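For 250, 261, 420, the entry in TrEMBL reads Mn(2+) 2 binding site. Feature annotation from TrEMBL assigns Mn(2+) 1 binding site to 261, 343, 381, 420. Summarising the annotation, TrEMBL assigns domain 'Xaa-Pro dipeptidase N-terminal' to 21-159. The domain 'Peptidase M24' annotation in TrEMBL covers 173-427.
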Ligand code: GLY
Ligand code: MN
Ligand code: MN
C-alpha cells in the first residue's frame with residue numbers, strides 16, 4: 001500500500017537548504033530563551049486531538065504551534081521534540097502499527113539531518129535523557145504524564161517571541177501558501193459568476209487548492225449576498241440564491257505548516273455601486289500595503305485605514321456632512337469596519353506575540369499593537385460591511401442625518417467587502433506575497 005501524498009512536499013532544493021538554516025536559527029533563538037529562564041532542556045509536544053464529549057470521535061487535529069514551527073509536521077499526534085543547548089534536537093516520531101489508521105512515513109528531506117529522529121510506537125517520549133531543569137510545553141492534557149515544569153508562564157512569551165521575525169524559509173513557505181490559495185480564489189470566483197452555491201464554491205476551492213476543508217489554516221469563510229456581512233460566517237448554503245449580488249471568500253492554504261490568509265470580494269452582474277465600492281476599498285487596501293515598512297506603528301496603520309474608509313464612505317455618498325476625522329472620532333467608520341486591520345501570520349493564522357501592549361480603546365479587536373520590523377509577516381485586511389446590528393443604532397440615533405439610509409439598506413443585501421493580503425516587512429518596506437503571486 002502506498003503512503004497518502006499530502007501537498008506539502010518541497011517545491012525546490014533551495015527550500016530544503018533554507019529549512020536547514022531555519023532550524024539553526026531556531027536553535028539559537030531557543031537557546032537564548034532557555035538560558036534567560038534557567039532551563040537546560042525543553043520538550044515540545046505536537047499534541048493530540050481529544051475525543052468529542054460523550055463520543056468516540058475525535059476533533060480534527062492540526063498540531064501545536066511551536067512543534068509546527070520546528071518541524072512543519074501538521075497532523076502528527078503524539079510526537080515530541082527535545083531542544084537542548086549545543087545538541088541536535090531529538091524528534092520522537094510516533095508511527096504505531098495500526099490496522100485502523102494509515103501511518104504517514106516521511107519522504108527524505110534535508111532537515112532530517114539536523115535532528116536525531118527516532119521512530120517510535122509509544123505515545124510518550126521514551127529514553128528521555130535526564131538533562132537538568134526541563135520545561136514541557138503543549139496541551140496540558142497531553143503533557144500531564146511527563147516530568148518537568150509544564151507550560152512555564154515566564155518562558156512561554158520568550159518562546160513566542162522566536163516566531164515574530166520569520167526566517168527566509170518561513171517566508172518561502174508563506175509565499176507558496178499564498179500562491180496555492182490564489183488558485184482556489186480564482187476557482188471560487190468562477191463558480192460564483194457561474195451561479196454556484198456557497199457549498200459549490202467551497203468544493204471548487206478545495207479542488208483547486210488540493211486541500212480539504214479540515215486541513216485549512218482556518219475555516220474558509222464563503223458568504224454570498226447578505227452572508228458576506230457576517231465577519232466569520234461559518235456555514236455553506238447548499239442552495240444557490242436566486243440572484244448573485246456578491247461573494248466574499250476569506251480562505252487560505254497551509255504549506256508545510258504555514259498558512260496564507262486571503263480575502264477577495266466580487267460583485268455580481270449589475271451591481272455597479274457595490275463594484276465601485278470594492279474598487280475603492282481595493283485602492284485603499286493597496287495604499288495600506290504600500291505603507292508597510294520598518295518603524296511603522298501598526299495601530300497607526302489601523303487608524304489610517306479608518307481615515308481612508310471615511311474618505312470612501314464620503315465619496316460613495318454613504319455618509320454626508322462630516323469630515324473624515326469626525327467620522328472616525330464619532331465611531332461611524334467602526335460601525336462599517338468593526339475588526340482590526342490585520343495581524344501576524346505564521347503557523348497560526350492569528351500568529352502569536354502580536355499584543356505586548358493592549359490595543360487602543362477605539363480598536364478593541366486589533367490583534368497587533370507592535371511597531372513593524374523586518375521579518376514580520378502581517379495581513380492587511382480593511383473591510384466595509386453593512387451589518388444590521390451595528391448600523392441600526394446609527395440609523396436611529398443622533399448621527400442618522402449624516403447617513404444615507406436608502407443606500408445603506410440597498411447595499412445591505414450585498415453584505416460587505418473585505419480585501420486581505422499577506423505582506424512581509426523588509427528592510428526597504430514591504431513585499432506583498434499575495435499580489436506578487438498574481439492575486
Ligand atoms: N480569516 C480570519 C482573519 O482574516 O483574520
Ligand atoms: Mn486575517
Ligand atoms: Mn482572513
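Each position is counted from 1, following the chain as shown.
Using the three backbone atoms N, Cα and C, a Cβ is placed for every residue, glycine included.
Small disclaimer: the values here were computed from a predicted structure and weren't measured.
Here the features listed in TrEMBL are painted onto the structure.
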| residue | record | Cβ contacts under 8 Å, 6 or more apart |
| --- | --- | --- |
| 250 | Mn(2+) 2 binding site | 220, 221, 261, 262, 263, 418, 420 |
| 343 | Mn(2+) 1 binding site | 349, 350, 351, 354, 367, 368, 378, 379 |
| 381 | Mn(2+) 1 binding site | 261, 263, 285, 339, 341, 342, 418, 419, 420, 421 |
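Looking only at other Cβ atoms within 10 Å, the busiest spot among the binding-site residues 261, 420 turns out to be 261. Within 8 A of the CB centroid of the Mn(2+) 1 site residues 261, 343, 381, 420, the other residues of that chain are 250, 262, 263, 342, 345, 349, 379, 380, 421, 422. Proximity to ligand 2 (Cβ under 6 Å from any of its atoms) holds for these binding-site residues out of 250, 261, 381: 261, 381.
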